[in-house]
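Database features, via TrEMBL:
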type: ACT_SITE; residues: 91; note: active site, nucleophile
type: BINDING; residues: 146; note: substrate binding site
type: COMPBIAS; residues: 1-11; note: compositional bias 'Basic residues'
type: REGION; residues: 1-23; note: region 'Disordered'
C-alpha cells in the first residue's frame with residue numbers, strides 16, 4: 001500500500017515536471033491583464049523589491065504569476081525581464097476596478113484560472129488580451145478615470161451640528177459641489193496638490209477632462225455619494241487634495257477664491273482627503289485602439305464583456321470594504337476634525353511678511 005502511495009506521489013511530481021517542461025517550451029507573448037483589487041492593508045500597487053515589510057498588490061501578483069508557471073522565477077526578482085509595466089501606481093489603501101498591467105508571459109492553458117488560483121480573493125484578474133510587442137501600459141494610456149466614494153456628511157456646513165447617520169445631502173449643496181468640481185476641468189498647474197513639485201515644474205500642469213459628483217444613495221443607514229474624475233494623468237495625492245479642497249470650501253473653512261489661488265505660484269495649504277474611498281475605475285487607450293484595435297491582429301483594449309465581472313467585484317469587495325472601514329475607523333469623520341488646523345487664508349509669502357513685521 002505504501003508503495004502505491006509512493007508511486008502516486010512520484011507520478012504527480014512527474015506530471016508537474018512535465019507541465020513545467022511544456023511551459024518552458026512555450027514562446028513568450030506580450031499581453032495585458034485587467035485587474036481588480038481591494039487596496040486595504042496594502043502599501044499601494046507598485047512593488048518595492050527588497051522591502052518585504054510593506055506589502056504591495058504587485059507582490060501578490062508576481063508570486064501568483066511564478067506559481068502558475070507563466071513566468072520563470074527569476075522574472076519575479078527582476079521585473080524588467082518580463083517588460084512589466086503597470087498603468088497606474090495606486091497609493092496606499094487605494095482600490096482598483098480596472099487596473100491594467102502589461103507584461104510578457106508564456107501563454108499556458110487556462111492561464112487566468114491558474115493565476116487567480118494563486119491570488120487572494122480580494123485580487124482578481126478579470127481579463128486578458130494580446131497586444132503589440134512594444135506595448136507599454138503606462139505610456140500608451142491616454143486617460144484614467146477614478147471614483148471617490150465618501151459619506152455625504154462630509155459636505156455639511158461646519159456651523160451646523162449634524163448627526164452623521166441622519167444627514168442627507170440637499171439639492172442646493174450637491175449643485176454647489178458640482179459647480180466647484182467643474183472648476184478643475186481643463187489644464188491647470190496642480191503643484192499645490194502634490195508634494196515635491198515646484199510651481200515652475202512643467203510636469204505639475206495636468207489636464208482634467210471631467211469631474212462631477214453623482215446622486216447620493218444610502219448604504220447601512222449612511223448616505224454616500226461617488227465623485228468621478230477623468231484626467232490624462234494624476235500626480236501622487238492629487239485627486240485626494242482636489243476633493244479635500246472642495247470639501248473645505250463647501251464646509252465653510254475656505255473661500256471659493258482659494259481655487260484660483262492654488263493654481264498660481266504661491267504655496268497654498270491644501271488638505272488631503274483620506275485614501276479609503278479612492279478607486280481606479282478605468283484606464284483609456286483611445287489612440288492605441290484607433291491604430292491597432294481593428295488591424296485584424298490585435299483586439300481593441302475595451303472590456304465591455306468584463307463589465308459585469310467588474311461590477312460584481314466592486315459590490316463584493318470594494319464597496320463593502322469602504323463602507324465597513326468608514327463605519328469602524330471613521331476615517332472621514334476623523335479627517336474632517338483636522339480641517340480647522342489648516343490655514344486657508346494666508347499664503348507662504350504673507351506669512352513671511354507677517355513674521356518680518358512682527359519682528
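For all residues, glycine too, the Cβ spot is worked out from N, Cα and C.
Nobody curates TrEMBL annotations by hand; they come from automatic prediction.
Within its own chain, residue 91 (active site, nucleophile) has 44, 236, 237, 275, 278 as residues 6 or more apart in sequence whose C-beta sits under 8 angstroms from its own. Cβ environment of residue 146 (substrate binding site): 228, 229, 230, 234, 239, 278, 279, 280, 281 lie under 8 Å away, each six or more residues apart in the same chain.
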